[in-house]
């Protein structure tokens, strides 16, 4: 009779395994690092370090999924997102999921699906992390040489860099595909107060895209944060994705040049410091982007920017007083300047009063009222639409810097509606994270350079308090 199963079924699996679940070889005597140094104990154990990284990714994705579902469960469709303390649903809405004209949420099911998908993938990552941390081979070099590495192997390190760059480029292209083929993105500038649309006429002109990088970061110039249309944003992602993928292929196929081998420190801690520096810069840029930019971060979801709330207040009172008979073109304020309208330093007609310092604000609810010389007096008298009045009144009372009367004020004053703008939250958190990542960069870069020079910087191992504490086990 034919045997339907392998006669070797009881033989041990031939992959290299760590036969015990005990975490041997992870103590200070073996690694030179105490338990609280975390992954430093795994510097030369590529299999275990893989487990730590995969488990860490699982925790991140788990937070995203759980917080996503938490926000869906608490979401009230009748209130704007920015009034509900949401920080994840605004991102999904900006990508065009579940929203219609004016940023109104018409379907929360895509948000639910997003949360569930993240939870499921976090379980897969969590399993992989536990497997590699406890059961899988301690090192990958012998059994899986493609995934193994030695920190000082410069060619292998640039190959790993190349793989990372290709994955980042693919991520950039995901946004491009969403904008072009999969329903489009939410465009706050769409006529009538914003809508979801496919971005078909993307900007590929390198002069425009790279021109942003050459702009001044100050004032109305605003560096890359000044981008005010989705065509440029999606085009920028095409360029960025292409550069990352081509750069990744380059780093996989080539070996580092002699000047690069001499210039860099080639150790695990050095690579950590480079990564921390990069993510610190990203944190600071994200801080500025979410605070000032109302195209990539539409005010319908994140609340108004500071300048936007201030200009909305001036606009709201102009509308009110004009209805009461005021001549907004000629009325003077207490200083003799225009009470409602005045001239900017470059001659345009702008809102008067304290909000004059925000004269170069651009916002979708205000731009239709401008002419070639700034605000158009004729349009202000005849063309103001109800949706513009409603939106400015709403934004006026939801400034990211709250104040006593719920209008734009300074950060030290209480806000009457117990309101924290997602812009305040996201920009502050990214600034703080960017700062601490920068401090981490300085710390690890200093240690890496010291180690490369043959001495150690940091806490004195002979006197550190943890040596006098009981071991965890």
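Glycine is no exception: its Cβ is also placed from the backbone N, Cα and C atoms.
Here is what Swiss-Prot says about this protein:
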- 367: [CaMn4O5] cluster binding site (BINDING)
- 15: N-acetylthreonine (MOD_RES)
- 15: phosphothreonine (MOD_RES)
- 69-93: transmembrane segment (TRANSMEM)
- 134-155: transmembrane segment (TRANSMEM)
- 178-200: transmembrane segment (TRANSMEM)
- 255-275: transmembrane segment (TRANSMEM)
- 291-312: transmembrane segment (TRANSMEM)
- 447-471: transmembrane segment (TRANSMEM)
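Most Cβ pairs within less than 8 Å of the transmembrane segment (69-93), among stretches 134-155, 178-200, 255-275, 291-312, 447-471, belong to 291-312. Of all Cβ atoms in the shown protein chains, 11 besides its own fall within 10 Å of the Cβ of residue 367 ([CaMn4O5] cluster binding site). By the Cβ criterion (distance under 8 Å, sequence gap of 6 or more), the transmembrane segment (291-312) is counted as touching the transmembrane segment (178-200), at least 3 such pairs being found. Within the chain carrying the transmembrane segment (447-471), a Cβ under 8 angstroms from the stretch's Cβ atoms is held by residues 27, 34-36, 265, 267, 269-270, 272-273, all 6 or more beyond its ends. Tertiary neighbourhood of the transmembrane segment (255-275): same-chain residues 43, 151-152, 154-155, 157-158, 440-441, 443-445, 447-449, 451-452, selected by CB-CB distance under 8 Å and a gap of 6+ residues from either end.
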